[in-house]
């Protein structure tokens with residue numbers, strides 16, 4: 001039995017899905033509100049649903065290339081059918097041979113298998129070089145070998161049926177559907193008509209349709225006619241081969257109509273030829289499609305910036321290109337792991353990055369917290385369309401209203417102008433004429449001004465200028481340092497040695513001691529001198545008193 005690719009989700013991805021599902025239970029779906037941001041030059045261009053896809057599931061589609069005509073009309077179309085049959089064999093035999101070579105390259109020895117596999121691939125490669133992608137595709141082809149063998153076992157019954165769509169389940173390890181685009185044409189044209197058709201008309205109709213289908217076959221395969229390991233068949237190619245009957249297989253594999261158009265655009269539905277039988281003209285294709293998990297609460301919002309007018313010149317907001325919001329949490333979304341379609345993102349993993357408080361506040365509607373960069377030049381397109389209206393920087397270009405006639409002026413201090421059908425029905429911007437059908441309601445903020453403190457330098461030329469100023473400042477500082485060094489060089493280094501410093505300290509202490517002793521001695525001598533003066537003064541006074549007393553006597 002053929003091996004079946006595992007659809008088990010790896011543990012890290014399962015954890016991511018569980019976290020996202022928990023958030024979806026407690027938080028409503030959110031997206032960035034672009035109404036307060038538009039006048040600040042930040043435009044939300046659209047939202048996309050975020051999905052996770054993992055290991056693919058597979059099914060087989062058996063294309064019945066040769067239709068069965070009604071018995072009474074076989075002779076009529078024998079000539080074009082025979083020519084078509086020969087052309088098919090010539091066209092697809094190299095493909096069948098290449099498939100067989102790759103599938104037969106499997107051997108029991110481990111080392112020989114890789115060598116034979118690469119050799120089988122190189123056999124169908126013009127330059128003799130097998131890329132890793134081709135080796136991987138060939139390995140998948142080998143894995144489908146048993147399923148292809150089981151289909152060939154039922155080839156006679158599949159070729160004999162007149163049904164345009166026929167589910168084949170007997171002995172197959174995966175879902176297989178036999179379809180016949182040409183059989184559908186035969187059934188519609190001949191089996192269900194009541195009018196008689198002449199032989200010539202039957203032959204002409206069959207011949208034209210067979211030639212058209214041959215053209216589609218050559219368009220579908222291209223270089224893969226010689227090597228099935230070159231490229232995968234796209235979903236568009238599969239539809240060309242199987243017609244509308246392709247929907248039957250996709251529905252059986254669980255792809256809903258609401259998801260089908262998005263998956264077709266994603267390129268995740270592909271096919272690989274696994275067999276070709278020239279006897280019955282059956283072409284087997286293994287169809288691969290992803291298992292998709294929807295994150296109902298998560299939306300990816302795409303942001304574009306418009307050059308706005310500031311007092312420091314033209315600038316654009318510094319915001320991420322893609323953000324996602326869950327509840328009150330806004331983070332930057334890395335889309336390098338995702339495949340984008342018009343409405344959806346299909347990611348193998350969800351990777352987000354936290355934003356600074358300033359950017360978070362800006363995207364939450366606080367435009368005064370938005371930061372701008374002087375990176376937009378005058379040649380940048382100064383306008384952007386959104387929902388039938390226009391956001392334009394009318395200071396960078398002339399906003400001329402054709403109907404009603406007039407010039408739309410942008411007031412001083414305004415970052416951009418919001419123009420809708422209420423103010424102008426037909427608008428001319430730099431030679432481009434636009435008919436406006438949208439309208440900015442009252443919830444859109446207008447007349448927003450960008451402060452000088454919100455504009456920073458990030459452009460290459462501006463940064464070079466600022467770096468030049470910094471270099472000048474550094475040069476001036478170096479000159480001052482050189483001058484200081486010259487002054488220091490004049491100082492005697494010997495006087496600043498350790499031993500000299502110790503000597504200076506000791507001498508200073510001795511000097512202080514002698515100074516203190518001298519001060520004490522001086523104080524003592526002064527005290528003694530004053531005492532002597534007092535004694536002499538007393539003796540003088542006493543002698544004078546005695547002399548006065550003697551005189552009186």
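One is the number of the first residue shown, and numbering goes on along the chain from there.
For all residues, glycine too, the Cβ spot is worked out from N, Cα and C.
Features as listed in Swiss-Prot:
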type	residues	note
CARBOHYD	85	N-linked glycosylation site
REGION	117-141	region 'Fusion peptide'
CARBOHYD	191	N-linked glycosylation site
DISULFID	338-347	disulfide bond
DISULFID	362-370	disulfide bond
CARBOHYD	366	N-linked glycosylation site
DISULFID	394-399	disulfide bond
DISULFID	401-424	disulfide bond
CARBOHYD	447	N-linked glycosylation site
CARBOHYD	471	N-linked glycosylation site
TOPO_DOM	522-553	topological domain 'Cytoplasmic'
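Location within the structure of each feature annotated in Swiss-Prot.
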residue	record	contacts (Cβ under 8 Å, 6+ apart)
85	N-linked glycosylation site	66, 281
338	disulfide bond	50, 345, 346, 347, 348
362	disulfide bond	37, 42, 317, 319, 369, 370, 371
366	N-linked glycosylation site	none
394	disulfide bond	382, 408, 409, 410, 416, 417
399	disulfide bond	392, 407, 408, 409, 410, 417, 419, 427, 429
401	disulfide bond	407, 408, 423, 424, 425, 426, 427, 428
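Using a 10 Å Cβ-Cβ cutoff, residue 424 (disulfide bond) registers 23 neighbours. In terms of DSSP helix, strand and coil, the topological domain 'Cytoplasmic' (522-553) has 31 helix, 0 strand, 1 coil. The 10 Å shell around the Cβ of residue 347 (disulfide bond) contains 25 further Cβ atoms across the protein chains shown. In the three-state DSSP assignment, the secondary structure recorded for residue 399 (disulfide bond) is strand. The Cβ of residue 370 (disulfide bond) has 25 other Cβ atoms within 10 Å, all protein chains considered. Outside the topological domain 'Cytoplasmic' (522-553) by six or more residues, the chain places nothing with a CB less than 8 A from a CB of the stretch.
Summed and averaged per residue, pLDDT over the topological domain 'Cytoplasmic' (522-553) gives 77.
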